[in-house]
Structures are given as C-alpha cells and as structure tokens.
Amino acid sequence: MTVPTPYEDLLRLVMDTGTPKADRTGTGTKSVFGHQMRWNLADGFPLITTKKVHLKSIVYELLWFLRGDSNVKWLQDNGVTIWDEWADADGELGPVYGVQWRSWPTPSGEHIDQITQTIETLKSNPDSRRIIVSAWNVGDIPQMALAPCHAFFQFYVADGKLSCQLYQRSADLFLGVPFNIASYALLTHMVAQQAGLEPGDFIWTGGDCHIYDNHVDQVTEQLSREPLPYPTLKLNKRESIFDYTFEDVEIVDYRHHPAIKAPVAV
C-alpha cells in the first residue's frame, strides 16, 4: 500500500525552494506562500508517523477550545503545557480561539456560539455555503496573547459525508502543523458524528508555510525516515459535541518513528 505523504512533501518543498525571511520571533525562516494538502479520513487518521506526535496535547487542546476557555489552568491540570509560554501571570491568554469559537462578540453586546450554530446548520441546511467558524476577530486581536494561526474553517457536505477545510495563515511546519492536522481531523470526526454524517476529507490550506532556521536539522532528520501507514480513530459518541472527554478518543495502530525535539519560537 502506498502511504500518502502530503506533509512530508511540503517539508521537502520548503527545504528545497523556500525563500529566506525574517519573522516576528527574530529566529528566521524558509518560507513558501500558499499550499494545500488533502486527506480522505476514510483512509486513516492523519497523525504524522515520521516522528512521534504527542496525541494527549492535541486532544486536550481541542477540548479546551470547545470549552470556550482562555486560561491555561485547565490544560495544566490535565498535564498539557503547550500554551504556557504565551500566558500571563494569571494564566490568561485573552480572547483566543475558544472564546471566538464559542462566544464571538456582536456590536449589540450579545455573543455567537459558532460551534453550536455550525452543527445546527449542518442538520437543517447542509448545502449552505456559510458553514464557517472564524477565530480571526480583527477587533480582538490586540488583546490576544497570540493572533490566531489557524484562523478560519469551513464545512461542506456531499453524499452524506462531511469535509472540512482549514485556512492557516501562519504555519510552523515542523512543530505546529502536525498538531493542527490531527486536531482538525479529530474535530471533523466529532462534528460529523454530531450531525449524523460520515467523515469525508480534511483539507489544509496554508498561507505563510515556513520552517524555522533552528528546525532545519530536525526536518532533515525527519525527511530521512520512511513514512508508515496512518492509524485509525475510534471515537465514542456523546450527546453533545461539548461532552467529549479525552477517554472518548482512541487512536489504533499508531506506528511512528521516535520524537524529535526542537525549540519553540515565541
């Protein structure tokens, strides 16, 4: 069986053709602009195999987004520290992803729960072209500890299958993107389950797709490894998308190469 390698192909493309660029963190990158990857979720769960990816952090982060939370305490209580570098002394991050997903502020002072709205629309009007969730709230960005990197996603229904396309304006290919791929693939499974649909495709669209200069050695090592078949996902069904727990998510037959450590650009 041929193993799909869209992620590794993108790493190779950026290594071979990327433009050297300065960046907000002062680290420096190789970058390409505009790229798309696609996975058929019926063919396996897209958890990268050329290095071990920390599934616990991915699942808890997604559940944290779905809680509408903006404080790292719940993550820390569950052993996840991936947001600690950006939090203030009280653990606050400002109106980041979960806040925008669950309580987007309106000019009238009300709030929109985009996730609830999305699932309701998928059930009542699945052919709508407006089934979109945005974390990119221009008015709130100055109050965010970090502007949304994965900013906007859209759902699409065809033949009883739910597909999701994510737009990621800034893509840290070595550290961040493997998390983002798995997170949104899992979210697609959850939303499909709640809407009575089968999972379709997950499409990842990247804007500034970059490899940090201090990740080049790690990427070189990763690309020397043979990709392995993707695992599969078993997801317990819950009454509501907000009821899922870590224990409801089981990844089966995740075969992978060893983890590769690298510094985070803050």
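Just so you know, glycine gets a Cβ as well, placed from its N, Cα and C.
Note that this is a predicted model, so its numbers are computed, not measured.
In Swiss-Prot this protein carries:
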- C149: active site, nucleophile (ACT_SITE)
- R24, R129, R130, R169, S170, A171, D172, N180, H210, I211, Y212: dUMP binding site (BINDING)
- H54, D172, A265: (6R)-5,10-methylene-5,6,7,8-tetrahydrofolate binding site (BINDING)
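A map of Swiss-Prot features onto the structure.
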{"residue": "R24", "record": "dUMP binding site", "DSSP class": "coil"}
{"residue": "H54", "record": "(6R)-5,10-methylene-5,6,7,8-tetrahydrofolate binding site", "DSSP class": "coil"}
{"residue": "R130", "record": "dUMP binding site", "DSSP class": "coil"}
{"residue": "C149", "record": "active site, nucleophile", "DSSP class": "coil"}
{"residue": "S170", "record": "dUMP binding site", "DSSP class": "strand"}
{"residue": "H210", "record": "dUMP binding site", "DSSP class": "strand"}
{"residue": "A265", "record": "(6R)-5,10-methylene-5,6,7,8-tetrahydrofolate binding site", "DSSP class": "coil"}
Nearest by CA distance to S170 (dUMP binding site): which of the recorded positions is it, out of H54, C149, A265? C149
Integer Å distance between the CA atoms belonging to H54 ((6R)-5,10-methylene-5,6,7,8-tetrahydrofolate binding site) and the residue listed as 'active site, nucleophile': 19
Could you say which of the binding-site residues R24, H54, R130, H210 has its Cβ with the most other Cβ atoms inside 10 Å? H210
How many other Cβ atoms are found within 10 Å of the Cβ atom of Y212 (dUMP binding site), counting all protein chains shown? 23
Would you count the other C-beta atoms found within 10 angstroms of the C-beta of D172 (dUMP binding site) for me? 24
Between the C-alpha atoms of D172 (dUMP binding site) and H54 ((6R)-5,10-methylene-5,6,7,8-tetrahydrofolate binding site), the distance in angstrom, to the nearest integer, is 16
For A265 ((6R)-5,10-methylene-5,6,7,8-tetrahydrofolate binding site), identify the closest of the binding-site residues R24, R130, H210, judging by Cα separation. R24
Quick one: Cα separation, R24 (dUMP binding site) versus H54 ((6R)-5,10-methylene-5,6,7,8-tetrahydrofolate binding site), in Å? 26
If you measure H54 ((6R)-5,10-methylene-5,6,7,8-tetrahydrofolate binding site) to Y212 (dUMP binding site) at Cα, how many Å is it? 20
Using all protein chains in view, find how many other C-beta atoms are within 10 Å of the C-beta of S170 (dUMP binding site). 19
